[in-house]
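Structure first, then comments.
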Amino acid sequence: MTTTSAVAPPVIHERKRPFHFLWYVLAALVAVAAVRFIVFNPRWEWAVVGEYLFHPRVLAGLGNTIQLTIVSSLLGLAFGVVVAACRMSNNRVLKTFGGVYIWLVRAVPTLVMLLFIFFLGALIPEINIGLPFLEPWFSVPMNDIMSRWSAAVIGLAFFLGGFSAEIFRGGLLAVSNGQWEAADALGMSRSTALRRVVMPQAIRVIIPPLANELITMFKNTSLVSVIGYVELLTTVQQIYSVNFLTIPLLTVAVIWYLALTSIALLGQRQLEKRFGKGFDNAR
């Protein structure tokens, strides 16, 4: 009988990086320079920033931005659910409709579509309500319907609908067919399987990209300034066009965008933790 002595596993030493600390020094120098530039440069005019940060006009514009974001998000997500269902349908007509919708969203810039929707009255002067080929019961001028607010909501929701549709579709496709088959074996209907088996798994895939799209759309509300809707950016532009304090007023807008985006990111992180429970441990 032969015996073998145990061989100790090789010790792995971390490779020494003698100049690694230089990156920390460089980062510290850049941080100090950035703080010095922001705090001690008198051209920022921080007193003016503080004066206008909670100015009633700025807060009113901020409220319009938040309202526009919420309404456009709800409408856009509804569009996204419908378009995702069309894209995943076996009906060729619905599948084609969903594909064309996604193609338009990807091909046309948001700013161009906002302008096109706002000036839709030049293409369709009025909307006629009635039976086809007969005299209309009544007509409504397009310009009465397509206000600055409605054009902004429709334009932003149109784009969110396209991108969110692909996010929803990708999340559902990330769940294996075996989950559907297992639910079917348990006697669940298609809708019950979607609600109780598939969506809890798909939602953790959907949340990160969807949250990014919602944040992007929040920032895209600044684009509606081109059609004259008075949101945060339009408000500060109107103010600095009178007092010529351009940098301080733009800084006010940047601070509010940073603040609300940071809050949204915290919410995203909490949602990811909540819906990701049980999946990390299973890996």
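Using the three backbone atoms N, Cα and C, a Cβ is placed for every residue, glycine included.
According to TrEMBL, the protein carries these features:
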- 21-39: transmembrane segment (TRANSMEM)
- 59-86: transmembrane segment (TRANSMEM)
- 62-267: domain 'ABC transmembrane type-1' (DOMAIN)
- 98-125: transmembrane segment (TRANSMEM)
- 145-163: transmembrane segment (TRANSMEM)
- 222-240: transmembrane segment (TRANSMEM)
- 246-267: transmembrane segment (TRANSMEM)
Fill in the blank from the handout: Maximum Cβ pairs under 8 Å to the transmembrane segment (246-267) among 21-39, 59-86, 98-125, 145-163, 222-240 is reached by 222-240
Completion exercise
Highest Cβ pair tally under 8 Å against the transmembrane segment (59-86), stretches 98-125, 145-163, 222-240, lands on 145-163
Practice task
Could you give the residue numbers and ranges of same-chain residues that sit at least 6 residues beyond the transmembrane segment (21-39) on either side and whose C-beta is under 8 angstroms from one of its C-beta atoms?
Solution key: none
Completion exercise
Outside the transmembrane segment (98-125), at least 6 residues beyond either end, the same-chain residues with a Cβ under 8 Å of its Cβ set are 83-87, 89, 141-143, 146, 148, 151-152, 154-156, 158-159, 161-163, 165-166, 220, 223-224, 226-227
